[in-house]
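Chemist: So Swiss-Prot lists these for the protein:
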ACT_SITE  LYS275  active site
ACT_SITE  ARG349  active site
BINDING   LYS263, ASP268, ASP286, GLU347  Mn(2+) 2 binding site
BINDING   ASP268, ASP345, GLU347  Mn(2+) 1 binding site
Amino acid sequence: MKYQAKNTALSQATDCIVLGIYENNKFSKSFNEIDQLTQGYLNDLVKSGELTGKLAQTILLRDLQGLSAKRLLIVGCGKKGELTERQYKQIIQAVLKTLKETNTREVISYLTEIELKDRDLYWNIRFAIETIEHTNYQFDHFKSQKAETSVLESFIFNTDCNQAQQAISHANAISSGIKAARDIANMPPNICNPAYLAEQAKNLAENSTALSLKVVDEEEMAKLGMNAYLAVSKGSENRAYMSVLTFNNAPDKNAKPIVLVGKGLTFDAGGISLKPAADMDEMKYDMCGAASVFGTMKAIAQLNLPLNVIGVLAGCENLPDGNAYRPGDILTTMNGLTVEVLNTDAEGRLVLCDALTYVERFEPELVIDVATLTGACVVALGQHNSGLVSTDNNLANALLQAATETTDKAWRLPLSEEYQEQLKSPFADLANIGGRWGGAITAGAFLSNFTKKYRWAHLDIAGTAWLQGANKGATGRPVSLLTQFLINQVK
């Protein structure tokens, strides 16, 4: 889809004009102008009750006298001054649904006149594009009959505001990153294994002059002492690979980088502590942390942000086997701490603890890890907010600000010293689980033992990384949050 922002005349020929109307006869400037061009036809529709402004209600008019546009699509925007981001996205989805039923190739949107509560025109345009791209997403790679695609090619926003071009640029890059994350995450685990993740990282680096790649294989991990990471991989014939993408684009090439670390369990059966069969297929999504880091790196490369950023995809697979690690094993991690394994299904933190130690070599400005880490986080927060744990208030607040800006929501969980008590082991420095209570927090507390040398935050996306049911599939979260956080670091 090609997106543009420019002033257009209502008399201009096009396939379709999209116009918003509020409830209680609150009309926009363009509504009144079109009403004059059509000799009061729109007001007649209002008086007859056909046009009410009810949220997401649409009416499609064709070949109106006085308009060169083939169609006029009017959409209800609810009460003026009360339109939220969520409602606005419903409006865009309603517009798309109606347009899909026509052969519309070009649209001129006057929804730029619609006011979002506490938002400016930049967000009006950015939310529109991101919603369009997210709604139009299809993953039919393995279907013999492909999904019907929209014929819509051009979407023009009626404005010449300077912010509009920036909104289009940001939205295009973030949407591209989200799509990349969704595509990788939706791949079946017989194809998307750690080697496949590394191959995708290689392709991304080869297609960007600003990105470079280093792949750490099991032999190098063994030399580095990444025994916790390697233990998780022992039950699988698919070897572990940790892909390290480097984006070195700050004016000062030696500036400390921001590091993103993504959990990349391409399939998690739980190992010897085997998961129940129900919904186990969804454990292909246990690499959504790595997928979101991949998508974020793609987005910032497209935006050419003047930052130094490193993205780590910690690829691994957790399966039961005669060689698999066991409950009761004691592992020596890369930083020297020992961990007693009480549950092999608490494997993500074992992979991450060594990855978090590995990135110390970059002397990072800060580190954010992203992981589908705990079912406890889903129980606590549901499927709307990612869980945030951090030892740094400024970093946590910056991430929450980005979450609010993008509506890629997050909620901060506490991380006080008491939670470390639950991780005590009689045989090792730490246990890999902390008991029944506060599981999302104790998982974060476990990771905090490996982040003493830098500012750190942890995002648990177990509830937000994918959807179940009829709309089953990866969401691409939190690419939007992470990219916005990085955009904000430039300001």
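Using N, Cα and C of the backbone, Cβ positions are placed for all residues, glycine too.
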Chemist: Please report the Cα separation of GLU347 (Mn(2+) 2 binding site) and LYS275 (active site) in Å, rounded to an integer.
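Modeler: LYS275 (active site) has its Cα 12 Å from the Cα of GLU347 (Mn(2+) 2 binding site).
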Chemist: If you skip the near sequence neighbours and keep only those at least six away, which residues in the chain come within under 8 angstroms of ASP286 (Mn(2+) 2 binding site), Cβ to Cβ?
Modeler: LYS263, LEU265, THR266, PHE267, ASP268, ASN318, GLY348, THR372
Chemist: Fill in the CA-CA distance, ARG349 (active site) to LYS275 (active site), as an integer in Å.
Modeler: 17
Chemist: What kind of secondary structure is ARG349 (active site) part of, going by DSSP in three states?
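Modeler: DSSP call for ARG349 (active site): helix.
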Chemist: Starting from the Mn(2+) 1 site formed by ASP268, ASP345, GLU347, give every other residue of that chain whose CB sits within 8 Å of the mean position of their CB atoms, in sequence order.
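Modeler: For the Mn(2+) 1 site, the extra neighbours are VAL232, LEU265, ALA269, GLY270, GLY271, SER273, LYS275, ASP286, ASN318, THR344, ALA346, GLY348.
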Chemist: Roughly how many Å separate the Cα of LYS275 (active site) from that of ASP345 (Mn(2+) 1 binding site), to the nearest whole number?
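Modeler: Rounded to a whole number, the Cα-Cα distance is 8 Å.
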Chemist: Work through the active-site residues one by one (LYS275, ARG349) and point out the residue whose CB has the fewest other CB atoms within 10 angstroms.
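Modeler: Among the active-site residues LYS275, ARG349, the lowest count of other Cβ atoms within 10 Å belongs to LYS275.
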Chemist: Here are the binding-site residues: ASP268, ASP345, GLU347. Which has the lowest count of other Cβ atoms within 10 Å?
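Modeler: Checked ASP268, ASP345, GLU347; of these binding-site residues, fewest Cβ neighbours within 10 Å: ASP345.
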Chemist: Would you list the other residues of this chain near Mn(2+) 2 - those whose C-beta lies within 8 angstroms of the C-beta centroid of LYS263, ASP268, ASP286, GLU347 - in sequence order?
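Modeler: What remains near the Cβ centre is VAL232, GLY264, LEU265, MET283, MET287, CYS316, ASN318, GLY348, VAL351, ALA371, THR372.
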Chemist: Quick check: in three-state DSSP terms, what is ASP286 (Mn(2+) 2 binding site)?
Modeler: helix
Chemist: DSSP secondary structure for LYS263 (Mn(2+) 2 binding site), reduced to helix/strand/coil, please.
Modeler: strand
